[in-house]
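A.B. asks: Sharing a structure here in structure tokens format.
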Amino acid sequence: MSQDTEVDMKEVELNELEPEKQPMNAASEAAVAMAVAGGAEKNGLVKIKVAEDEAEAAAKFTGLSKEELLKVAGSPGWVRTRWALLLLFWLGWIGMLAGAVVIIVRAPRCRELPVQRWWHKGALYRVGDLQAFQARDSGDLAGLKGHLDYLSTLKVKGLVLGPIHKNQEDDVAGTNLQEINPAVGSKEEFDSFLQSAKKKSIRVILDLTPNYLGQNSWFLPTQVDLVATKVKDALNFWLQAGVDGFQVRDVGNLTNAALHLAEWRNITKSFSEDRLLIAGTESSDLHQILSLLESTKDLLLTSSYLSASGVSGENMKFLVTQYLNATDSHWCSWSLSQAGLLTSFVPAQLLRLYQLLLFTLPGTPVFSYGDEIGLQAAALPGEPAKAPVMLWDESSLPSASVSANMTVKGQDEDSGSLLSLFRRLSDQRGKERSLLHGDFHALSTGSNLFSYVRHWDQNERFLVVLNFGDESLSARLGASSLPAGASLPARADLLLSTHPGREEGTSLALEHLNLEPHEGLLLHFPYVA
């Protein structure tokens, strides 16, 4: 064995004995020291690599220095690359800007929205007899306030109330248009009701037909000047009280009606553009109706025009298109009479069809209380035809022969009821621009079919198809003579049907559109440029 080997062996033995001489806590200190040194322990030996680690570290790339980086960045290749990227960036930015300008310039212009008053945005709801509407012995303003929540669910925009003023039958002196009938309530109760209605976003229109309890609604022709003065004073009084509009009925019996209507409309308009005047007439003659409308373009007129002749699709198309063409730019109102119920003029099987019709024609639909549930005018024997008791629940039923599903409560729980249809149509009428103020185009379909398109600018289009007949019919609505902006597609989606059995959302081919008897369809399709 060589001398060097002997020395190494001695060092190994000393290293093996060294841990035995160390205290117990020295082991951890040694481990820490070895970890710091980067070595590993095996059988008491510590392997330390110093020179090799430093050489490896020196060989690793640490990046370019500032001077080296500037030198490389200034080389011709990198300079050309930077200029190319900068040029591409600005060319791309200018291209996107030019594209945006072209899109804006070539995009079709949006039509300017027409001026919309509150009565343009939804239906009006008439309550002429408070006691009959509430179906209780005490039909007063306080009780009517409790039904405002129900009116809110119908999404009507205005309540046509009364007449509720003091009227001594056929006695001008005993009639006070500024005083509320004590049986209905007091001025304070009316003010409270008015405030509650405004909180529900329901406008109140007061009926000021003077002699509503007498033989002639406007007294004698010789008293017309006195009555007209009373009406003018009443308009100013109730406008100051916060009423949103007025209705006067039977204006066909009023001497110089057009002259007085123009004067009364000037009073309401001078107070505020947001005040409404409604005139009612039982006339169905278009010439008489137009003579009344000529007095002022801001007048709503309810009449018996739509109920004048037999029920058929062809006849309804003629009446509607004739009326719209004759009134031109005048805002229309749609009803079947100035005060009566739908059931007084329409068979029960057509009630749903007429609801769809009135809600989708261009203008303001006007309904009487009970129209939403199909209330019959002869619900109670002996009651006046225009004052049937409203059927709220089973307690309102006049007899056991009347079904509970004719009540508000019964229909409220049925998604396929007439009441549910009324609410859905009222909701659609109030939120779709094409139904609010869109253009109207009637289509040629058949003798018992009436169909038309409602459209506005680039908004959703609506197609209404009504079958007034007693038999199933097939409508062919493919090609039509409509303007380009209102042309029909090959298919349209079903929004709702007056017959609950239809599956909503179904895409229907317009070339072969089958309808059941007395069925109405409301379809929609998107605007295509």
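Cβ atoms here come from the backbone N, Cα and C positions, even for glycine.
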A.B. asks: Test of record reading: of N253, N266, which one does Swiss-Prot tag as N-linked glycosylation site?
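C.D. replies: Going through N253, N266 one by one, Swiss-Prot flags N266 as N-linked glycosylation site.
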A.B. asks: Ranges 1-20, 281-300, 441-460: which does Swiss-Prot label region 'Disordered'?
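C.D. replies: Spelled out, Swiss-Prot records region 'Disordered' over residues 1-20, not the other listed ranges.
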A.B. asks: Compared by Cα position, which of the recorded positions S65, K66, S309, N325 is the closest one to N266 (N-linked glycosylation site)?
C.D. replies: N325
A.B. asks: On a simple 10 Å Cβ count over all chains shown, which one of the glycosylation sites N266, N325 is most densely packed?
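C.D. replies: Top count of Cβ atoms within 10 Å goes to N266.
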A.B. asks: Give the three-state DSSP assignment (helix, strand or coil) for N266 (N-linked glycosylation site).
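C.D. replies: In the DSSP reduction, N266 (N-linked glycosylation site) maps to helix.
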A.B. asks: Spatially speaking, which of the recorded positions S309, N325, N405 is closest to S65 (phosphoserine)? Use C-alpha to C-alpha, please.
C.D. replies: N325
A.B. asks: Quick one: of the recorded positions S307, N405, S426, which has its CA closest to the CA of K66 (SUMO2 cross-link)?
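C.D. replies: Given the candidates S307, N405, S426, the nearest one is S426.
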A.B. asks: Would you mind listing, in sequence order, the residues at least six apart from N405 (N-linked glycosylation site) in the same chain with a Cβ closer than 8 Å to its Cβ?
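C.D. replies: Spatial neighbours, sequence-distant, of N405 (N-linked glycosylation site): Q411, D414, S417.
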A.B. asks: Nearest to S426 (phosphoserine) by Cα distance: which of the recorded positions S307, S309, N325 is it?
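C.D. replies: Nearest by Cα distance to S426 (phosphoserine): S307.
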A.B. asks: Could you say whether, by DSSP, S309 (phosphoserine) belongs to a helix, a strand or a coil region?
C.D. replies: coil
